[in-house]
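Data block below; observations after.
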Amino acid sequence: MSTQSIRPVKVKRKYTRSSPGSVLYQSGDTIVLCTASIEDGVPPWLAGSGKGWVTAEYNMLPHSTNRRKRRDRDGKVDGRTTEIQRLIGRSLRAVVDLERLGERMVTVDCDVLQADGGTRTASITGGFLALADALYPEFRKTPPAEHPLRDSIAAISVGIVNGKPTLDLDYEKDFAAAVDMNVVMTGKGQFVEIQGTGEEATFDDDELAALIKLAKAGIKQLTKIQQESLGKQWPLA
Ligand code: UDP
């Protein structure tokens, strides 16, 4: 198994019909359905500001994991889910000009159908495509310089597994990783978020640099996949 390449990615846009953005995003054995819907109006704290909002929700289906995971009940959301959905929301908002979006609210729902590591990073990369599709009907004639999407966004995990900097961790590698990190970057190569933890071991400057280099190479490939997938609808040409 390669330590330097991303897992095979498959993208199916317009996967379901009920929301304007609906993308089935598969990275290896991790599969996430990302849907995006757009509505007029914003949360009360933004009303009258002229600005829009983008938010995200994340969920794992009970049998997305080998061992059945109980559904959240009575609106209770566990800490991991809260952390992940905030990360997805922040990442997507980083590339959206909320003023150009106007008083509209976009919700990106990321539902994990199958989890094999990297579900949050897949949600960000696939969620961007769903977001672009949801914005398309309204902004199809808007030139890139005025479009609410200023850049693309994608994410990948990296880690140190068996002493080696490794790209795109599946569950097995994630489990074996001494250090693991999620990196979120724009298509133009700007960092948005880096979450890295030395769980089993500390890491030094050189290892950190190696992980960042790997992540950058991975994001570059993901950006290309996103661009190819959106084709003529790529809003940043
Ligand atoms: N996982 C699981 N049950 C859980 C949480 C995670 O089986 O309740 C597995 C799943 O394969 C997931 C992996 O552990 O993809 C890594 O989880 P992590 O919390 O690091 O998030 P992810 O890498 O999916 O963003």
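Every residue gets a Cβ built from N, Cα and C, even glycine.
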- Query: Out of Arg80, Arg93, Arg150, which does TrEMBL tie to the same phosphate site as Gly118, Thr119, Arg120?
  - Reply: Arg80
- Note on the structure: Counting other CB atoms within 10 Å of each candidate's CB, the least crowded of the binding-site residues Arg80, Gly118, Thr119, Arg120 is Arg80
